[in-house]
Amino acid sequence: MTVFQSDEVRQKPSSGNSCGGDSTEKGSCHQQTCPTLLDIEANLSVDHHHWNVWPNDVKEPIVETNQGKLKGLLTSVHGKPVQVYFGIPYAEPPVHQLRFRKPVPAKPWNGTLDATRKKHSCLQQFYPEVFHIETDLSEDCLYLNVWTTSTTKPTKSVIVWIHGGGFSFGSSYQSWYNGSLLATMHDVVVVTINYRIGIFGFLNAGVPEAPGNMGLLDQNLALKWVRENIRAFGGNPSRVTIFGESAGSYSVHAHIISPLSRGLFQRAFLMSGTYHSFGLLDTVFESSVRGSKVAARLNCTGALRDLTSHPDTVLECLRTKSTKAIFEAAKNVSGRKMVSFLPSYPNEFFPIRPSLALRQGQFADVDVMVSITRSEGNVILLPQTDKRFWDEDLKDVRVEDLKPALRKMVALWIKEEYEDLLEYYAAQAGQDDKRALREKHTDFVGDFYFVCPSKYFAEGHSARGNSVYSFLFGHSSAKSRLPKWMGVPHVLDLPYYFGVPFMDHGNYSDEDRRFSQEVMNAFVTFSKYG
């Protein structure tokens, strides 16, 4: 395994004693805690009102794809020209009879399609205003966006971004995910995509009318669109890198595993998430049971009729319901899992369990980067706890309160035998050090969900002779609004890879911009040369 290192990006640490070779995909969180998780994400967001890098110029370049002509925007970033094409349809709108089905490729159009305005983001239950999603929400959301500096020669490396959000929220139009800096500073083509999320993207009834993994199949179709059309934007379809963070990283791993995505990309960057972790995978049965609960609340089931016994009838009824009604009915059906509808197996996309695919060598031989942040566990464990636990000095928390409370929170997520491991971490802190105890408990959760699964993935992928670069993201901005004890949580690395410090001078320092340039250079070098 090759490891990238710099002043602030260091080799991934020892995974401690919580690593396990094979994780079972069991769930573990109460959905009612998720708004608090959103609060953390909101605190990590930039103040997008102080900067605007979405183009507003009037120059309109034209490109021709296999579907037809597109009119984009020609703008500039820091004096460098960049062409932007918003809202390119890669699939037919998944509405009416296409709801819950596999995506259908977008039909050709006559004339020139206007790609100067952002289209819809996909429907979601959570709070898009928290994540600065600047577009309306709709089922009609299967669009992608392209940034390029030149379309004359199809030689540029292509970088495809898959957003995160627990397969329940998020959008390619979140303020961080602007590809203009990557495109202009590093001469690559950047693509960002929307895909269906929540029940519309992941309900699995085990039939073609709702086969599950529709959101992943959307991503797959978008990658096929890139293969067939990216030359028109100056991109080389033989030099495609996919990358994502959190659920987006799980998605990247899913494409590495899935036989349906073979040959659609050559490199992959996984940021904070692999399918060797717990909680973000269902069986067909689990998904069908939750879907039946939703259908029952909408009067689409009967005494002897549910998704498992009469899927066609129940799905036809669900297709007549409004999106608002479906969202309301889908609340609180997740059980122990954080979200209600997730990628599932076994099926066409995931023939076998991902951890088994790694052991059996059933994955694509592509170059990979895999990263974690220094303090991954904070964003998972702390939203489950009393707000007193957020205080810098824990002044309102007694030592005798801390361990039982944190143990209870860990138990929400981990249902296996973990007591010995937890005691191992606690012993490193000392019995009377409240802050150290908090740190070690969050380390335990971070190791369990991110560090160890990432290490397991990297070692297994490297064993086949693939180039693997793994690292720990340890940079924290001096201007961060988070308490210093939180370190570098989950998601805080994202702005640096999109060059946000160069766009948002008010919230980032010169040191942040230097570091952003460093990690962008490393990532783009990987995307070009492996």
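In case you wondered, yes, glycine gets a Cβ from its N, Cα and C as well.
These come from TrEMBL:
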type	residues	note
REGION	1-26	region 'Disordered'
COMPBIAS	12-21	compositional bias 'Polar residues'
DOMAIN	60-530	domain 'Carboxylesterase type B'
ACT_SITE	Ser246	active site, acyl-ester intermediate
ACT_SITE	Glu376	active site, charge relay system
ACT_SITE	His490	active site, charge relay system
Number of Cβ atoms other than its own within 10 Å, given for His490 (active site, charge relay system):
27
Largest tally of Cβ atoms lying within 10 Å of a Cβ, found at which of the active-site residues Ser246, Glu376:
Glu376
Give me the Cα-Cα distance between His490 (active site, charge relay system) and Glu376 (active site, charge relay system), rounded to a whole Å.
5
Please report the Cα separation of Glu376 (active site, charge relay system) and the residue listed as 'active site, acyl-ester intermediate' in Å, rounded to an integer.
10
Averaged across the domain 'Carboxylesterase type B' (60-530), what pLDDT does the model get? Just tell me the whole number, please.
91
Please state whether DSSP places Glu376 (active site, charge relay system) in a helix, a strand or coil.
coil
Provide the three-state secondary structure of Ser246 (active site, acyl-ester intermediate) computed with DSSP.
coil
